[in-house]
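Pulled from TrEMBL:
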| type | residues | note |
| --- | --- | --- |
| BINDING | D30, K35, T83, T119, E148, K261, R326 | NAD(+) binding site |
| BINDING | F145, L146, R147, E148, K202, F247, L248, N249, A250, G251, G255, K319 | substrate binding site |
| ACT_SITE | C258 | active site, nucleophile |
| DOMAIN | 312-413 | domain 'UDP-glucose/GDP-mannose dehydrogenase C-terminal' |
Amino acid sequence: MRISVIGCGYLGAVHAACMAELGHDVVGIDVDAAKVADLAAGRSPFFEPGLDDLLGSRHGRLRFTTDIAAAADARVHFIAVGTPQQAGSDAADLRYVDAAVHSLLPHIGPGHLVVGKSTVPVGTAARLAAIVEQTGAELAWNPEFLREGFAVSDTLTPDRFVYGVRPGDSIATELLDEVYATPLASGIPRIVTDFATAELVKVSANAFLATKISFINAIAEIAEVTGADVTTLADAIGHDTRIGRRFLNAGVGFGGGCLPKDIRAFRARARELGLESLTFLEEVDQINLRRRQRVVDLVDANLGGLTDRRVAVLGLAFKPESDDVRDSPALDVAGRLVAAGALVRATDPEAIETARRVHPELDYRPELDDAIAEADALVVVTEWRQYRELDPVTIAQRTPARLIVDGRNCLDPQRWRDAGFTYVGLGRP
Ligand code: UDX
């Protein structure tokens with residue numbers, strides 16, 4: 001199958017590489033010449049485990065260009081551009097999706113299928129379908145559920161495929177089945193539905209995950225004033241398979257390029273529809289943001305003030321195995337500590353360069369030892385394996401700090417206490 005992928009950011013670059021891996025002939029198209037040059041040279045513009053290998057072993061089936069006319073040779077065209085939060089509003093900014101679809105119009109016709117993968121407000125697909133259909137081509141909505149850090153395996157073997165198609169469509173389902181023939185053959189479920197349901201599946205899944213995290217973080221707040229332990233509680237309720245243990249890790253909360261903006265856009269869309277149904281997502285957002293200040297307050301309380309105190313912040317990425325700092329709780333905590341007067345040295349195994357681009361003023365230390373050398377307190381805000389596996393006895397020899405605030409509840413309190421540290425977790429006694 002000849003495929004074009006419009007937009008080679010996180011989603012598009014991974015999708016293009018994975019479609020080539022499945023044996024298709026793929027062209028990735030992006031307006032950013034620097035990004036295209038990187039990808040064409042087999043280099044991923046961002047850190048994603050396994051992606052460089054795929055870009056390097058593409059067997060001549062994968063190319064990248066800035067020229068949208070290259071899409072003309074393809075039959076299936078994936079739209080994988082970003083839908084960021086609008087400046088000054090909670091709603092999604094659809095200008096890149098609209099521009100991508102319009103740029104395709106001169107190059108498509110009968111027999112072509114345009115497939116939206118971007119996360120969009122419900123109603124977008126129907127609006128775009130009316131435009132695409134004027135060329136004789138068809139449109140489908142096929143949301144993506146990939147997680148950063150697992151993007152390659154999530155794309156090649158997702159939990160499910162969802163196709164939003166026009167009722168009684170002729171080619172959409174058939175073409176998508178052909179595109180995903182290999183993973184479908186292994187029995188991955190596929191749900192064929194209408195546009196609105198497909199669009200809503202994606203935002204509902206993200207809203208549910210965000211709600212689950214904020215639920216446990218709300219319980220952490222209760223645990224903090226009652227002396228209970230939220231991690232033991234999560235283990236206990238997680239044994240109920242109706243609840244499940246995953247996404248019940250209390251800590252500094254969710255961030256990244258998806259969950260925060262998606263819950264805001266979803267709530268904004270409901271409001272546009274005249275519905276109060278999703279006002280609770282406002283609370284989900286607020287609980288999440290409160291946790292960031294909680295980490296700062298714990299450092300403050302345990303050091304007896306922050307002014308001119310030296311704090312080593314371990315982690316900048318919004319989660320491990322990623323160099324993404326979009327809406328990162330870790331980077332936000334570092335900024336809040338600085339604003340409160342602390343002298344912060346921040347470190348991360350992968351995200352220093354991306355963090356530097358948005359917060360050039362922070363003091364970054366690529367080496368952990370350098371970050372902790374003169375610290376009064378250590379704060380773990382991204383649970384990288386490197387930090388989870390730190391040996392407290394060794395660390396005690398390398399830093400004068402005797403306070404560790406575990407913003408991800410990823411460390412063993414007893415081991416740190418045994419090594420002479422005051423250990424403080426979130427929602428833990
Ligand atoms: C998410 C969805 O999981 C994915 O399906 C969707 O396609 C895009 O958005 P991603 O943003 O890569 O993926 O990250 P995810 O692994 O979901 O984590 C999101 C945030 O929640 C991270 O900041 C993570 O640290 C936080 N988190 C996750 C918690 O605070 N507690 C948890 O228990 C789980």
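Quick reminder: no glycine exception, Cβ is built from N, Cα and C everywhere.
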Could you check which of the binding-site residues D30, K35, T119, K261, R326 is the closest Cα neighbour of K202 (substrate binding site)?
T119
When the pLDDT values for the domain 'UDP-glucose/GDP-mannose dehydrogenase C-terminal' (312-413) are averaged, what is the result?
98
Would you mind sorting out which of F145, R147, A250, G255 (the binding-site residues) have a C-alpha within 10 A of the one on K261 (NAD(+) binding site)?
G255
Any idea what DSSP makes of D30 (NAD(+) binding site), helix, strand or coil?
coil
For the substrate site made of F145, L146, R147, E148, K202, F247, L248, N249, A250, G251, G255, K319, how many Å separate the two farthest Cα atoms?
24
Given a separation of at least six residues and a C-beta threshold under 8 Å, show me what packs close to R326 (NAD(+) binding site) in the same chain.
G255, G256, G257, F318
Between the Cα atoms of L248 (substrate binding site) and T83 (NAD(+) binding site), what distance do you get, rounded to the nearest Å?
27
Let me know the most crowded of the binding-site residues, choosing from K35, K202 and counting other Cβ atoms within 10 Å.
K202
Listed recorded positions: T83, T119, C258, K261, R326. Which have a CB under 6 angstroms from an atom of ligand 1?
C258
Longest CA-CA distance among D30, K35, T83, T119, E148, K261, R326, per record bound to NAD(+), angstrom:
24
Binding-site residues compared (R147, K261) - highest count of Cβ atoms within 10 Å:
K261
Tell me, if you would, which residue among F145, L248, A250 (binding-site residues) has the fewest other CB atoms within 10 Å in the structure shown?
F145
Helix, strand or coil at K202 (substrate binding site) [DSSP, three-state]:
helix
Within 10 Å of the Cβ of C258 (active site, nucleophile), how many other Cβ atoms are there?
27
